[in-house]
Amino acid sequence: MTSSIKSSLLNLGLLIIFFVFFFLVINCRGESSTCLAVYKQGGAPAVFQSPKCPRWILQNWGSPTHSGAGRCHTAAIQGRRNYQEDRLLCALDLRIPFPGKTGTPKDVLVGIAAVFDGHNGAEASDMASKLLLDYFALHINFLLDATFSAMTRKLIGRFPTKGDHSVILHGVSRDEIMHLYNLDFQMQFRDSLPLHFDDSLPLDIMKEALLRAIHDIDVTFTKEASNRKLNSGSTATIALIADGQLMVASIGDSKALLCSEKFETLEEARATLVKLYRERRRNRGSSPSRFSDFKLEHGNGLLRFIAKELTKDHHPNREDEKIRVEAAGGYVTEWAGVPRVNGQLTVSRAIGDLTYRSYGVISAPEVMDWQPLVANDSFLVVSSDGIFEKLEVQEVCDLLWEVNNQTSSGAGVPSYCSISLADCLVNTAFEKGSMDNMAAVVVPLKSNLVTQLQRKEQSMNDNKDKIASALPCSNCTLPLPNDINLGPLQLKQAQPLGTMFNRLLRLKTEVFAAFICQRTLLGHLKGK
């Protein structure tokens, strides 16, 4: 083949590929320009209310009182209060599509566990628990939509050769993603997006989406509270689990903690057993920690759960919180032995609480950024503060150890612990005298990690098989949208969310399929 013919074929191939990608960019955008404009102006609240975004419809998510099914244990009880103001949420196995750095699709499994502790009414906690999933999904959708569009536009100007193994997404900047859809209406969150597409992209986008969701929940409730003259507020502690990693965003004094296995030496074990024995005597035998249930490993030491608190309480007497409150003109004083903003509000950060906003009470969450889960991390607990009126953080993990390692007869373990691990926590705290509402979510992590790894591997294999079968590269034809179906989003307890990503999955499939097609064509032409 002469060089002129080869050059002509190459130019023809490039021209064909250009039109393929032009078609994708024009016809495969996940959101209409009018809906994108609505999103730019008002975020999630505006999108769900606008007739310009007809496919976005709010679901009426309920807050379950208890569940021990599957890998998500939840429980909420009114306790000794006149009203139940606590709400909770647990949703596992959410499949979200992300672009991989090598050009292959990557579906990430996501779990959400959250507790909202309301005060001065349940309006704020109720709204937050119902809106979180919808708002989180919407923001992920728009951020991913911008990401895929930035990717396709970048691809139009860059066609790698057969030997080019650098990623097709290299060099797509944060600003390209944000400004493509003008997603900079919340400038304080822009820096959380990565400069390049790599393995951290899904985690960065999920963090960004969660922060935006929390912001928009507060915006929505602020408007509602202003219209209805509501005085209620709520804490919010939300944990995300994805790709074997964990992050937590927290407002107020609800807690998140990890219970992780730890081996103690004989000397350390001796001190632990003495402490547990004294605790049991002090509580007249009602302590959840029964030292006989801790395992001695080959006589060399003790295996037990160690608690790691993932959140910091936003109490007004915390030095940095107090400085902010006083700088805004508020003051911190104690009443009934509890520090309060202006002598009343017991938290310095909250969703709602409009009357305290001018005194330094804010709704911005404090974030524990993504950290890897390890093999000895056994349980994630997210709970309202009512449980910790009578249980220390370590006692919670001691109780979970006892229940998790009980004998087959279940001797010594209360009957309510057989319902769920969350029921075990809230009822133990109630029996020990807690006066508050109580809500808890307990996620067994070991089974969750194994499942995520298995599904991640299966997803990668499925994606490779489906793309390969859909692209007969001898003809190098672009598959129709229905030729590749990566399946609906899977979310335990929240199946209706699956429809939200259908168009996004289709766009993802077309973009990556087209890339494989053009890469094969170019390599074939240049190899001749």
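Glycine is treated like the rest: Cβ placed from N, Cα and C.
Look at Swiss-Prot and you will find 8-28 tagged as transmembrane segment.
Feature annotation from Swiss-Prot assigns domain 'PPM-type phosphatase' to 71-445. Taken together, the residues in the domain 'PPM-type phosphatase' (71-445) have a mean pLDDT of 82 on the 0 to 100 scale.
Mapped onto three states, the DSSP output places GLY118 (Mn(2+) 1 binding site) in strand. Counting every protein chain shown, the number of other Cβ atoms lying within 10 Å of the Cβ of GLY118 (Mn(2+) 1 binding site) is 28. Here Swiss-Prot flags ASP117, GLY118 as Mn(2+) 1 binding site, drawing on similarity to another entry.
Taken from Swiss-Prot, the feature Mn(2+) 2 binding site covers ASP117, ASP385, ASP436, and the record attributes it to similarity to another entry. Around ASP436 (Mn(2+) 2 binding site), taking its Cβ as the centre, 22 other Cβ atoms fall within 10 Å, counting all chains.
DSSP classifies ASP436 (Mn(2+) 2 binding site) as coil under the three-state reduction. Cβ-based crowding with a 10 Å cutoff singles out ASP117 as the top-ranked of the binding-site residues ASP117, ASP385. Other than ASP117, ASP385, ASP436, the residues of this chain whose Cβ falls within 8 Å of the Cβ centroid of the Mn(2+) 2 site are, in sequence order, ASP86, THR235, ASP253, SER254, SER384, GLY386, ILE387, PHE388, GLU389, ASN437, MET438.
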